[in-house]
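S.K.: Below is a structure I'd like to ask you about.
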């Protein structure tokens, strides 16, 4: 039977090398990592590699330097049918001899541990990569993202150690988070259902009295949302404080300052769109976090949690921006929240000027939160692909 080379895809982390070998129904699998000292195959490999550097092999013997390579053989069904398949890789830096692998009907996943935990510029010792080797984009991370993942894992280990010594605290924490997310889910569900029913019954007329019908429940939910800034501050959740603060402060400015302070704004159609977009996002976000507290994962809900915000979040910010723009002439006319100034400096400092600055900051916050949420989505979806493989 002819021996061929399979397609191999690779990715790395600071501590590991991941190889994905495209080979179906692999049999007689032999994977080994060998040092090139005191082994015939290893020495032959070094001499072949050093045809133009004759002194290098003696340098290995004298100083004990041990570059390593991986050899791989198996029988299976690859791109060219049923054959014997093999390949070898000369790694850029030393790796540990222990290799773990997992075979499925479609592929073989191989994990190799690095000798030293650091980022490699490339996989192989030779600068020109082998033709059968390509990046594994399902697992690929750049160095900065890998550092963030490594930091998250280290924090998780630290948290596990601390959690094990605080079992009663863990139960209270999960109970609190479950109840908080449940209450918020029920509140925003009431808002969403109420507005949807009124829209079907009253049509466009429901746009203009949304505030008077929904405001009390929205006040309650948004005051409760302040806990989403406090929870990461005291270590109850691992999410960042700044993205949560951007969302909570932004919404409360719109709700309490723009809508709550100006009666002229309360009868405008923009209130309906702001409230409806907020509630649509939250009826998927809060049940996802609620089920996470009891280690339950629904695939459809997870996908909706990490996908539906992409169209709705920018639309929500756009609706908020329209509300701010519509309120500017009202604040100029009523002089509400304006600051009186000495006669030399002028009559007063108009609050509408502050809102114009806030309007620019809204879109900066949109960019920051959009990037944060997109990274969360990419990390979550990538981890689900690994579990499925």
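The backbone N, Cα and C atoms fix where each Cβ goes, glycine too.
Dumping what TrEMBL says about this protein:
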- 3-124: domain 'CS' (DOMAIN)
- 176-197: transmembrane segment (TRANSMEM)
- 244-262: transmembrane segment (TRANSMEM)
- 268-288: transmembrane segment (TRANSMEM)
- 351-374: transmembrane segment (TRANSMEM)
S.K.: What average pLDDT is reported by the model for the domain 'CS' (3-124)?
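M.R.: For the domain 'CS' (3-124), the model's average pLDDT rounds to 67.
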S.K.: So, does the transmembrane segment (351-374) come close enough to the transmembrane segment (176-197) to give 3+ Cβ pairs below 8 Å, pairs being at least 6 apart in sequence?
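M.R.: Per Cβ check, the transmembrane segment (176-197) does not touch the transmembrane segment (351-374).
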S.K.: Is the transmembrane segment (351-374) packed against any residues at least 6 beyond its ends, judged by a Cβ distance under 8 Å, and which are they?
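M.R.: For the transmembrane segment (351-374), the sequence-distant neighbours (Cβ-Cβ under 8 Å, at least 6 residues beyond its ends) are 240, 242-243, 246-247, 250, 253, 306, 309-310, 313-314, 317, 320-321, 324-325, 327-329, 331-332, 335-339.
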